[in-house]
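The structure appears below as structure tokens.
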């Protein structure tokens with residue numbers, strides 16, 4: 001759950017900085033503002049789902065608050081210095097998330113983790129069947145993380161070619 005608390009930060013920071021740049025330069029973003037803010041919102045929904053499942057204590061919430069504050073500011077500076085490196089970094093983090101959720105699925109399938117009913121928030125957000133389970137939720141979250149990985153590596157590749165993101169259309173939504 002701790003990773004999900006900071007996972008929404010990169011999309012928010014990137015989207016915010018691109019939004020400000022777009023306003024400053026009177027240029028379209030090629031859909032990248034929307035794509036990155038959608039990523040941030042999607043990651044927020046991962047967190048809201050985990051909160052329903054785990055019910056964090058007050059000290060865990062304090063740790064989350066602190067981690068978000070530190071990571072937001074650090075990533076903000078990182079993105080200002082090198083959007084290319086920032087997107088590549090996020091791509092690698094998202095790959096680790098895919099691996100982590102794959103391991104979580106294996107734990108559910110082996111019975112090490114109980115396959116409880118999916119929380120209502122997850123059923124509504126991902127339009128899952130009413131009888132969806134934790135396995136279904138983890139499966140769709142893993143797919144989201146794979147999409148975020150691909151989008152961020154694509155963004156980094158654009159920068160690697162010496163281009164701005166607006167020069168290559170953002171990947172269309174996935175939700």
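For all residues, glycine too, the Cβ spot is worked out from N, Cα and C.
Predicted automatically and left uncurated, TrEMBL annotations should be read as such.
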For the Fe cation 2 site, TrEMBL lists 43, 145, 148; sort out which one of 94, 95 goes with them.
-> 94
Out of 4, 96, which does TrEMBL tie to the same Fe cation 1 site as 43, 46, 145?
-> 4
Across all chains shown, how many C-beta atoms besides its own are within 10 angstroms of the C-beta of residue 43 (Fe cation 1 binding site)?
-> 26
If you measure from the Cα of residue 148 (Fe cation 2 binding site), which of the binding-site residues 4, 43, 46 is the nearest?
-> 43
For the binding-site residues 4, 94, the one whose C-beta sees the most other C-beta atoms within 10 angstroms | 94
Taking the binding-site residues one at a time (46, 148), which has its Cβ surrounded by the most other Cβ atoms within 10 Å?
-> 148
In angstrom units, rounded to an integer, how far apart are the Cα atoms of residue 94 (Fe cation 2 binding site) and residue 46 (Fe cation 1 binding site)?
-> 13
DSSP output for residue 46 (Fe cation 1 binding site) maps to helix
